[in-house]
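K.L.:
Got these off Swiss-Prot a minute ago, pasting:
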TOPO_DOM  45-322  topological domain 'Lumenal'
DOMAIN    52-276  domain 'L-type lectin-like'
BINDING   96, 131, 164, 165, 166, 190, 260, 261, 262  carbohydrate binding site
BINDING   162, 164, 166, 193  Ca(2+) binding site
TRANSMEM  323-345  transmembrane segment
């Protein structure tokens, strides 16, 4: 279970993802309780437990190869992207720039964990900067477009690190991290900051920090988890946790960024992909994972994307069945009112006839 990259930190009451310098893998969920009691707080480094599961063919790690050239092994970049010895800059702090970097190799892992070391910084004051970074696991790569420098109506997974509130009516606090799964039928609405297609999100103060900022994305057996380390405390903080997510294998990892009238430097320092050693049922093993359509078993109604100041959504979202039942009850109510009204009207007419 060490390779799963999780630990139950004794006394914390929550699980944390591991990365170098952070608490790493410990006893997994299947570990007997008496062993947990005997072992107590087991803490290790992910580089010890997971180094052999780092997938270098899908990872971007310093020292970079190809500095000063227009290409590098295993990765392609386009647009305004520049490669330096310290970082990959997707966009400079200039207006109307787009850039991206994409892995050469399609990923055929069913269970994985991506750690991203990034930095968003610039000279713009509050709400005078933009637009943010997008992290991708998608069917198509190197296709520029309006969604943080990449294409709209994509197939796959996107994690948006949005720094500018386009919707002036929103109460959410920016910067904001959100998740979207798409089968090509959905369009990202910048004017609403993607609220209509967002699965979940959280406020995350990652811009212009004086220390390193990290994000971790974990996908395993239909569960998608996003965590952040933004406070220089070597601790992961929960951001997003969704179940029922279906993603195919054979898609590509990438990162992109875009600026408009407002701008920022958008830098990627590293992207490290770890393979998670997870047991699957025989039925799951027999599935052709390359043919799976990106989907989520549970999608929120857009009306449920009503923010509170903390960036959380109200509970009790309206599913399709709930909307149907609500409309059915409303229709029945109208029919009952109409019938009662007709009966009352008829009785009044009969009463009036008797008087004449």
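Every residue gets a Cβ built from N, Cα and C, even glycine.
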K.L.:
Between residue 162 (Ca(2+) binding site) and residue 262 (carbohydrate binding site), what C-alpha distance do you get in Å?
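P.N.:
Distance (Cα to Cα, whole Å): 13 Å.
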K.L.:
How long is the line from the C-alpha of residue 193 (Ca(2+) binding site) to the C-alpha of residue 166 (carbohydrate binding site), rounded to the nearest angstrom?
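P.N.:
Their Cα atoms are separated by 6 Å.
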K.L.:
Let me know the largest Cα to Cα distance in Å among the carbohydrate-binding residues 96, 131, 164, 165, 166, 190, 260, 261, 262, as an integer.
P.N.:
17
K.L.:
Determine the Cβ neighbour count for residue 96 (carbohydrate binding site): the number of other Cβ atoms within 10 Å of its Cβ.
P.N.:
11
K.L.:
For residue 162 (Ca(2+) binding site), what is the secondary structure state per DSSP, taken as helix, strand or coil?
P.N.:
strand
K.L.:
Cβ distance under 8 Å to residue 260 (carbohydrate binding site), same chain, sequence separation 6 or more: which residues?
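P.N.:
95, 96, 130, 131 - these are the non-local Cβ neighbours of residue 260 (carbohydrate binding site), listed in sequence order.
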K.L.:
Tally every other Cβ atom lying within 10 Å of the Cβ atom of residue 262 (carbohydrate binding site).
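P.N.:
Cβ-Cβ neighbours of residue 262 (carbohydrate binding site) within 10 Å number 16.
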K.L.:
May I ask which residues of the same chain, at least 6 positions away in sequence, place their Cβ under 8 angstroms from the Cβ of residue 164 (carbohydrate binding site)?
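P.N.:
Long-range Cβ contacts: 127, 129, 130, 131, 132, 174, 262.
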K.L.:
Specify all same-chain residues, apart from the site residues 162, 164, 166, 193, whose Cβ lies within 8 angstroms of the center of the Cβ atoms of the Ca(2+) site, ordered by sequence.
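P.N.:
These residues sit around the Ca(2+) site: 130, 131, 132, 163, 165, 167, 174, 176, 190, 194.
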